[in-house]
Each structure stands twice: as C-alpha cells, then as structure tokens.
Number of protein chains: 4
Amino acid sequence: MSLNTFGHLFRVTTWGESHGPALGATIDGCPPGVPIKAEALQVWLDKRKPGQNRFTTQRREPDQVEILSGVFEGKSTGTPIQLMIRNTDQRSKDYGEIVEKFRPGHADITYWQKYGIRDYRGGGRSSARETAARVAAGGVARAALKALAPDLKITGYMVQMGTQMIDRARFDLAEIENNPFWIPDAAAVDDWSAYLDGLRKAGSSVGGMVELCASGVPAGLGAPIYGKLDTDLAAAMMSINAVKGVEIGEGMNAAMLTGEANADEISMGNDGPRYSSNHSGGILGGISTGQDVIVRFAVKPTSSILTPRKTITKSGENTEIVTKGRHDPCVGIRAVPVGEAMMACVLLDHLLLNRGQIGEELPGRIG
Amino acid sequence: MSLNTFGHLFRVTTWGESHGPALGATIDGCPPGVPIKAEALQVWLDKRKPGQNRFTTQRREPDQVEILSGVFEGKSTGTPIQLMIRNTDQRSKDYGEIVEKFRPGHADITYWQKYGIRDYRGGGRSSARETAARVAAGGVARAALKALAPDLKITGYMVQMGTQMIDRARFDLAEIENNPFWIPDAAAVDDWSAYLDGLRKAGSSVGGMVELCASGVPAGLGAPIYGKLDTDLAAAMMSINAVKGVEIGEGMNAAMLTGEANADEISMGNDGPRYSSNHSGGILGGISTGQDVIVRFAVKPTSSILTPRKTITKSGENTEIVTKGRHDPCVGIRAVPVGEAMMACVLLDHLLLNRGQIGEELPGRIG
Amino acid sequence: MSLNTFGHLFRVTTWGESHGPALGATIDGCPPGVPIKAEALQVWLDKRKPGQNRFTTQRREPDQVEILSGVFEGKSTGTPIQLMIRNTDQRSKDYGEIVEKFRPGHADITYWQKYGIRDYRGGGRSSARETAARVAAGGVARAALKALAPDLKITGYMVQMGTQMIDRARFDLAEIENNPFWIPDAAAVDDWSAYLDGLRKAGSSVGGMVELCASGVPAGLGAPIYGKLDTDLAAAMMSINAVKGVEIGEGMNAAMLTGEANADEISMGNDGPRYSSNHSGGILGGISTGQDVIVRFAVKPTSSILTPRKTITKSGENTEIVTKGRHDPCVGIRAVPVGEAMMACVLLDHLLLNRGQIGEELPGRIG
Amino acid sequence: MSLNTFGHLFRVTTWGESHGPALGATIDGCPPGVPIKAEALQVWLDKRKPGQNRFTTQRREPDQVEILSGVFEGKSTGTPIQLMIRNTDQRSKDYGEIVEKFRPGHADITYWQKYGIRDYRGGGRSSARETAARVAAGGVARAALKALAPDLKITGYMVQMGTQMIDRARFDLAEIENNPFWIPDAAAVDDWSAYLDGLRKAGSSVGGMVELCASGVPAGLGAPIYGKLDTDLAAAMMSINAVKGVEIGEGMNAAMLTGEANADEISMGNDGPRYSSNHSGGILGGISTGQDVIVRFAVKPTSSILTPRKTITKSGENTEIVTKGRHDPCVGIRAVPVGEAMMACVLLDHLLLNRGQIGEELPGRIG
C-alpha cells in the first residue's frame, strides 16, 4: 500500500517516476483567490534544478512546470491545482545494470520486496526527482502564505557538510544566495568548495545538514496532540529522500541540558510575549509561540559512488555494483529548497487549520 | 483545531486531561480475534507508572485501565476498543499559582493563545499524563503484533541522560530490567544514579535520549512516499511530550559521513538478503529491509524546576514563577515505555497496510 | 476492517456494544469556548430514549450521558470530548437463542462472516443502541451551531409509516412535539396510532420515512466534489441502522420531472438571492444555496417480528427463528432524533470547513 | 474548502475544469501488478463519450486518456497512477452570457458565493465533464477487480426516464448494449426514443433513474459503522452531478413494507448461505451478504433548457437567461457508465479494506 498525499487541509499528492512521461503534484485545498503563475513557481524549481554548478548532478532537467487546472485568469479558484513537469532528459541506458542488481543504500531492493515490480529506471518512484513536485507544490503554498501571512518568511541553508561546519559567529543570511552551498557563512565557502571538489573527483559523496528558519509565524499554529506543528514538520522532513534525522530548536542536544539551561523565560513586549531565548525552536506543546520556528534535518550521503560495493541480484546471486550515472556529490545542497517547500506546505496547512473559531462572511458577494 | 488521532488503519484517538474525571484511548481498526485482557495491558502501564523509585515523580497514579468495548469473551471483535483510565490522585491545590501565570517551557501560554481557554490544572491536555493512554493503546498493538508477527520484538532503553552516556562496548539488553533507567549498561548505573540524585536534590532536571530497537520486523513495511516507515516513526516520536529530535539509524550523524562509510552492503543469506551493517536503521526508501529498525529520540529537561523563572500573567504583567508539585527530574526515563508503545502502534499499522495484494478467505466460516 | 469515525473537521467516533459496559462518542474538533452541559445533551437523548410510549420498545435505557473530557468550567476547550453512556438494562437472557442462529434481516450473519467473532448479545455493535452515541454527539454539534450560526434550526419529523402518509396541506411544524410519531399533521395522529397498534399487537413491524429540514443554513456550505453537502448528508443518513434510501429536495422524484418543472428560478431579494421554489432541496452543485436544506430517508421495518422465519445456524443447519425481546414496531419513530443529530454534525462540520479564507485573530489574548 | 478525493485505500482525486487544458484522476492505492492499458480504459470512456447518438450532447469530446505514471511495462507498480484527458473541443463562445448571469439549477451561483471566483466557462469544475475522470479511474478499478475478484461483475442500466419506465417482466440484461438508453427492456426502446425526441425538439430535458447491479460480490465487504458498504455507495452516487437520491435494495419503498414482507429468509446452499429474496439489496448491517448488490439513483433533468428562466447577475440585478450550447436532453443516459465506475471504485476499495486478517507473503521474492 502506498500513501502519496500529505497535509490535512492543504493536501498535496505527488505522482510520477524519474523516467516516466511526467511527474507532478495534485493540490487540493488551496484557498481561492491566490495569485498563481507558472513563472513564479518556476523560480523555486530553478533553485532546485540540477546542473547549475559543478557541485550538483550534470543531468539536464529543465523542470518546466505547467498548470493544468485550478487557476483561472491568474488566480486559484479553490478547485484542485494540477502541476505537471514533463521528463525530458531520460538517458535510460545509464541505468542498464540496475535492472537485475539492487544498488546498496538505495530503495531498489525494498520496492522489489514490497511490490514485486519496480520501475528500475533511475530509481523510479524512489528517485529524488520526486522532490521537484514538492518544490512546485511549495511554490503554491508560498503564494498562499504571501496572501494570508505576509510577514511569514522561510529560509533554508546548509549548516554542515561532512566535516565542514558553518561558524555561527559569522552567521549572515544575506550570504545564502552568494554561494553554491546556500550557507550563511561567506568565509567558509572556499573550504567547503575544496572539500567537495576532493570528494567529487574521488567519485565519493558526503552527507549534509540543512537548517530551516521561519520568521513571522503567528502564535497558535499546531493541532495537538497528533498534528503538532513539530510533529508535522518532522514527518515532512523525514519524508524527503535520504533524510535520517530531524530536530526542532535544541533538538538532539536537549538530551544534554538541564532545565535551567533549556528554559526560555517570558516577558511582556509591546506587541505580545517575548522570550529570552529560543531553545524550544518556536514551538511549545506542539503550538507555535510566535518566535522563529527552527528545524534541522540530516541528509545521508548518496549511495551512488564509484567504489564497487557488494550486492545481490533479483535471483539471489552475490555480485558487485558500481553506480554509474551523473550524481550529486552532496544531495544535501539540493535538499535546501526541498526543505523550504515542505515547511511552506506545513505552515500553510496549519494556518488553514487554525481558522474557524469565529464568524466571517463568504467571499462571493452578490449585489 | 485539534487532531487527536494517529494511524492509518490502526487508528488511536487519545482523550482526557490530567485532572479531569478520566483519560483514555479509542482504538479503531484492531483486527478481530486478538486476545486482549486488561491485566496484560496493565503490565505496560505499570512500567510507565510514576512513583516506582526515587527518580520518578512521587505522584500516585494507579493508572488502572478498563476495557469498555470492542472485546468479547477475551478477544477483539473488530469493533472500536475503548480504554479508560480514571484519574484519582488529583491534588489540584498544587497547581493554584498557574491559573494566572504561564509556566516557561510549558504549553500553558500556547494553549491559551490558540484556544482562549485552557484547563490549567496540571497542564490539562498538554500534560504527560496523556502518554498513559498511548501506553494502553500500545498494549493492544503489541497483542495484535504477537498474533500477526510473533517474531517481532520491540525494546526501548535510555542511551544518554545529560552528561551521562552508555558505553556501547558494554551493551547488554538483558540489563534493561535491572535498573531504574532502563539502560543496557550495568556498569553505568551507579554513575547515572549519583548524577540524577544530585540534580533531583538541587530541584533541577535534565534531558535524555531514548533508543528503540525493533527486531523481527518483516521486510516491506512502509507506505511511500508520505507514509514512509521512518516518516511515521518520526511523527510518532515527535508527538510525545518534550521530544525535540528524532533520528533513524545513523541519524543526524549521517551528515558527517561519506558514501563509502555509510553503505550497507548486501549479500545473500540462507533466508534472504543480509546486510554488512545497519547505517540505514533498517529502512531504505521508507520501507523496512528486514534488519533491526533503530530509532532514537531526545527528550528535553522538564521545565518544572525549583529555580524561579521570569514569566508573564494572562493579563500581560511581568512576574516570576517556581513550579512546585511533584515532578520527574528526568522525564526521559518514563519516555521509554511511551516510545515503545508508539513504535508498536506504527509497526502494527504498517503491517495491516501491507496486506491486500493477494486473495484470502474471510474468517467467519459457516457450515 | 472497521471505520467508526465520521466528519472531516468535526470528527465523531462512536464506540460500544449494546450489552457491553458502556458506549459513547469521542469527539475531536469541537471549537473551543462552546457552552456544553451534560443536562443539555440529555434533552436530546431523552427524545430518542425508548419506552416513552406504547409505540417504542419497552426496554428501559436511562441513557445518562457523562462528559469525561474536553469540557472545563462548562465550556469546550478544543480538546477531545469524551461522552460515555453506561449500559444498564441488559437482559441478556432475552437473546439466548441467537448465539447460534442468525436473525434474518439482521447483521448477525454478515458480522460473523466478516469478523469470525461477534458479540451476539442484542446485536452487539450493530444494535441501534449505537445511535444513542450519535444523539449525544449531535447535542454537542447543536451547541456549537448555536454559537456559530444562531439562526440555523434543524427539525426532523416523520412523513410516512407504512401505508400512512402525512397530508402536506395540513403541514404544521408546531404539531411535531404533540404526538408520539413526530408528525407535522395533527389530524393524522389517530389514524397512525390505530394503524401501529394493529401492527404492534400482531407482533409485526413496519417501515417509515423521516424528513429533515434545516433552515437558516448559510449559503456556501459543501466541499465539492467528494464532500458535497448532499453527499455527506446522504452518507450520514445511510449510516443509520435500517436506512435503505436517502434523497435531497425532489429526490427520487426528480427522475420524473422535466427541466421546466424542476427549475428553481432566481431573483434578487433584500438580503440576497431568492428562489421561486426549492426542488433542489437547498443544494446546488453540492453547495448550500441559503434555502432550507431538505433531506428524506427511508427506514426499513425491523426484522424482529413474531412470525417464525427460516434461517441457518453457525454450523450451517437449516432452522427457524422467532425474534423475542422488546422491539420497536416502527424504528422510524426513534430515527427522527438520530437523523437530526446526524444533520447537526454534518452542518457543523461544513461550517468549520468553510472558514479559512480571510484573516482573523486568535481567541486567546494576552495583556 | 474543497475535497476532491474519494476512497479509503483506493483513493481517487479528480482534477480539472471543463474548459481548462486538461482534466484527470490521480489514483493512489492501486495494488501492484494489475495489467493496465490506456486502450482498456478508453473502452469505458467511449461508453460515456457524448455525441454517439442523437440523444446525447453533440459536443465532440474525444476523451483520449493518457497514463502519465504508476504503470510500468503494462502493469501497475503500486505507485500513483496519473490519468490525463486533454480538453479539445472548447467552444468557449457558446458560454459568453454566463460570465455575468447565474444559470438557475446550475452551480454557478453557489460556486460564486463560496469561492468569490469561478471558471464560468462551461460550468468549470462543476461541469459533468468531471465525470470523465471518474470513468477513467473506474477503468483502473475494474482492472484491479478483475485480478482480485474475477467473478465480480458490475452492470448499470436505466429503469426510468421521465414518465417512461421499464417493464421488469421483460427484464433482459443482454439488451442493454443494443439501445441508446442502456435499458434491459427491448420492447420499451421505441417508446423511450419517441418520448425523448419530443423533449429534445422542444428544447426541454428530463430526469432519469439508473440501477446498478453487482453480482459476484464476496460476503464481508463494508466497514461498519461509518464506512458501511451502503454508506459509501450512497456517497459515491450522490457525488455525481445532478443526482438527487440514492437507494439500496427496496430503498425508499422500504418505508411502505411490513417486517414480514421485507424479510429475506436464509437457508443453507451448497456453497454457503442462500436468501429467499433480496429486499436488502445485498447488504446487511453495512456488510455485503454475497447476494447481488443493488443500487438505484435518480438524476435530475439538466437545467439547460431553451425556455427562458428568471435569474440574477453577479451585481444583483434581475434578468432572464436561456442556456444555449449543446446539452443532453437526459443526462441520466450518460450517468450509467459513471455510476458503474463509482461502484467499481467503491467495491475495490472495500475489497482492499477487507484484507489484513491473516498472514501472507510479500510479492517480491529474492532468490
């Protein structure tokens, strides 16, 4: 059984395989009247698009998004929005060997065991190409957020890549757009570049860690107990290919702290409560506090490396495999816009869930 | 808006506040014919029950579970199972001060902001007492797992508490039941005890990290893309009170590794694929591999400490608060059975989701 | 597999068997701040309660509802509301014969075939006692509707019982409370009474038809395409025990009409659109028009009659059965408050779904 | 808020407007290994396709379905199946007048009131063109049913059109394919033709009633209480455009019957229980009995007629409208394949839900 939908009221179903005719996202629950244009969605897809520099895969995927429904005269109508991206650069011959062999660290073997059939071309449904559909859907979510919560801003960036870490003392969000790693630390770019060049030339790969910060999130988002804001963010991030861990605020480090060290004290500001610190990552009891919402997630190194690895065939014979093809040395880089997109979807979803307590008029007036 | 249900086919809705008449779990989707007895559920509740040693809260909560529906002559009937736990030890006077003041680090302030009304007694719905209902539901899940997958075994244990860590070289699951911390490291118990005694006497608290291991999990569990096994486990753990981070297999550490270091090579064993290591935590592409499924989660220190903290009142005045009452110095300890219960629910849910590909007869035969 | 929950945002899960310790409803998604008292819910339960006159079963079911959670100081908190009704009058001996034999027209045989186990006492989960939980939940829905849409009014009444029909020329809603059939036709009461007395004394039973009218329903309710208001009303009514048909407005009769005869022309009134007639039953394209919403449903005669009927045993032997016990000669009568309750739940659910297009402040203010 | 998905495990989301670039269905939850070809789906779409005779709209809609995902080498893979139908014959000029005026009996006014924006071209999302997507999805459901329950057969046919009824004494399913009304009564065809010709030439329209019969349905389908088989069938049919009533077995007529007249007695046959009659329509307590499942639904006359009708404009002015364009004089005819498709989806969904009680191996074997 498969479950390809996420969201409670803003529901996104992604579909498509890496080497089928197309992939996309079916979005149900977008509020009506939101300005949506293909060109605006394309901006986010281009951010994720591979082949933009030497640190991402050299596959050419133009990833042109088409809007097939749900938008009329430039605005959402409240009906399902269908976003389609045609697959174009499908060099299927690159993947010939994997028809019979399972690539270690990939989902080849588990899809086979679960379904008894798999589209082996490029990972099929388990390919990271699926994240293009997420980014397109995230573009719609951002457009709706812009209308509903204009002060809300989502920013993603890397904070670690293998042994390379950013220096928080030099943290500057303005630097993110100026380097290929989306890191907020200009002085680290050269080291990161040299490090990844080394791995790339060796045919190796490396993991990474992405941090997401949402500012301007209104207090009150989160549907306790099982749709807590942190719960839904954790699920959203963990559903991204290759993600192995998710944390909010202090995260795993909270295991280390005492109650005194972890407390965010409260005082009254001009426009509401203020907090002395943000160990909580902007979420208490699963509900947003109004502070920045901080999420981090770890992406494992891609398993596609040039070193031969032991594996088996469908018929159960021991063998070896080298994953050829054109791969990202650090998939964590391209995970940045994907994480941002997922966060946009989750925040919009909870913004919509949070309505409904008091009366309001319907939008369509007559007379 | 609230969302108090989790699960796809095995759906658990928890209800109840810490100081209301009762709390419990409404379970829909338990397969019929599963042997279920209140006494068997009680075993798990007793494991979570406070007041068993000096390291957990001295509140007395007998946590007697009653089965109100869905079980007939000792077996589940396929209809909803209602589990109720009466609240008995409700010393409401302990909580008098928090009627007007928000406890920092607690959900008092966000529930108030979200709902405009809150049951302030003992945290109300945001109290960790809600986890008693999870443990009861987990008992039902374990009973169903026992019938459907007899080899599946779920074990939880602490691996860190503040500065104290277990030594993996001494790892011995047989030791878990022999110490108050559920740690698989007998030689560490004295140090952990002394450390927590110090914190307890100082009126402080500390975080912790819990690891869960499920062995005997069949390959093929997990509903890609948005109900991946790791996604659902992450959501389940993050929904537990005070949890700030979740990781699978290598987890956050995956950001550090190269592709070579992270690869789990495959070979053919007598009864199916074997893996040279388990960096993946038993999950590839969101689907179980048949290896041990490994999850870790971090629990923050409880915010209820004897040091006065700055806070505000409902009317927006700055003030201070000391959280009196009887609290756990490390809530991570009692999070062990809660994590186990959540894992049982998730694994059963995916076991049920994974059926349906081939024909089978109905259970009720006539003639 | 069972599915015991209905509703999208206002979600009601009913639980319990006719002869278990208790039954009830777990309600998730009730808005916060709604005044809710057990006494107010009891009014609706008493309306459904059997034994009030000679035309309903003589079983005594006090049906006292207890609120176990989700209500604090008389108001909903936004957390799950647990409503419990203890079963008291369980004369299990009345049902001895049905342990082995399946009652024709009852769900005994299908529950057995589906689950391989059944609580045979009084129908178990398939008993109409389950509708007590619906009525209790409907009371909560009515309380929330009163707060959110004060002009909305739901009225149910019978329009047919076997060969007896009401005369629409004498239609007077004020008469409903004055007769045991809830019919809006005072002049018909004597005939209906004589007719049902005859059937009752003969140990027979008869079907009935219930009409529901909701006035004051705001325009715009209904979530096309698969959560249309009429779709959800049809599902809600068809889920009631013994219901075999549901219709909206002209209903089945629409098959007979021409486009000219069926048209509801529109003109502009002082406060919005007006319609020349209401063939549509207040719903166009699945969305409410602002007119009265009109639903009818047919209830089959109970299969519990004194005439012996052919049936089989669990072991497949042919036999006969006479259903003893204390039964309603026309279950359609007590279906009236049940239909009202379901309509209240559906309308509230869609009222909540219909929010979320424009901004609003959170209810909990600070300072 | 919109809800464009139906189904529990076999989930279909339809998308698209009548005059947008395309429409289609996103199917999640189709079991893997089902043989699926576009040509086979096309057969069902052609059955629904307009313009095949003088009794259906003369619009030309080739309705060519494309499979964009989820099928690999002719078989479903268990991943989402995207079905797309390009819109081609979009004579938008036909609909010019309805930009400002609301067509009585159509959803124009309610969509406007609900959303404040609508795609006025041809009804937009509320157009019956949406049912093409249902028929395509139904084709996938039929393919899966063929694999899982080869004896299951679904047949739809008209039983009434305005004043014309079939004669049950002449009932012959073999005749359905031989006439433009899909009626199982050869002798009635001429009368029906003359009747509808008269209405068509007068620019009028008429309602109709469709009956669906599913034979070979295994006992045990239906998920009580709120996903009963009859509940889900009622919802599925009521969600079809213009449907105003749904009934199972005796349906609305059950209100008329006594318990003696309505009873289906049970005896033991060679291969299981047999019933003396089928008043229940093959469903008891929401669960299939193994008898034929019988559903009927009424379709209202299309509101697009040549007689001018009173209406209002968006700005609230009174006016008149004549709905030009090419319309079906009886939309009930083309509702036959749509009803069949919905029934196929519901039965497959419940077949999938009904699994999961006993163990089974995964389909993907290794070695």
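Cβ from N, Cα, C; glycine included.
A TrEMBL annotation is a machine prediction, not a hand-curated record.
Sequence-distant contacts of A:Arg48 (NADP(+) binding site), defined as residues of its own chain at least six apart whose C-beta falls under 8 angstroms from its C-beta, comprise A:Asp63, A:Thr131, A:Ala132, A:Val135, A:Arg334, A:Pro337, A:Val338. Feature annotation from TrEMBL assigns NADP(+) binding site to A:Arg48, A:Arg54.
What TrEMBL lists as FMN binding site is A:Arg125, A:Ser126, A:Ser127, A:Asn241, A:Ala242, A:Gly285, A:Lys300, A:Pro301, A:Thr302, A:Ser303, A:Ser304, A:Arg326. The Cβ neighbour count for A:Lys300 (FMN binding site), using a 10 Å radius over every protein chain in view, is 29. Look at A:Lys300 (FMN binding site): DSSP puts it in coil.
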Protein Cβ atoms within 10 Å of A:Ser127 (FMN binding site), excluding its own: 21
Proximal to chain D - binding-site residues among A:Arg54, A:Ser127, A:Ala242, A:Lys300, CB under 8 Å: none
Distance [Cα-Cα, Å, rounded] between A:Lys300 (FMN binding site) and A:Arg54 (NADP(+) binding site): 20
Proximity to chain C among binding-site residues A:Arg54, A:Ser127, A:Ala242, A:Lys300, A:Thr302, A:Ser304, where any Cβ pair is under 8 Å: none
Filtered A:Arg48, A:Arg54, A:Ser127 - binding-site residues with C-beta under 8 A from chain B: none
Spatially closest candidate among A:Arg125, A:Ala242, A:Ser304, the listed binding-site residues, to A:Arg54 (NADP(+) binding site) (Cα to Cα): A:Ser304
Cβ neighbours of A:Arg125 (FMN binding site) where a neighbour is any other Cβ within 10 Å: 30
Residue with minimal Cβ packing [other Cβ atoms within 10 Å] among the binding-site residues A:Arg54, A:Ala242, A:Thr302, A:Ser304: A:Arg54
In three-state DSSP terms, the structure that A:Arg48 (NADP(+) binding site) belongs to: helix
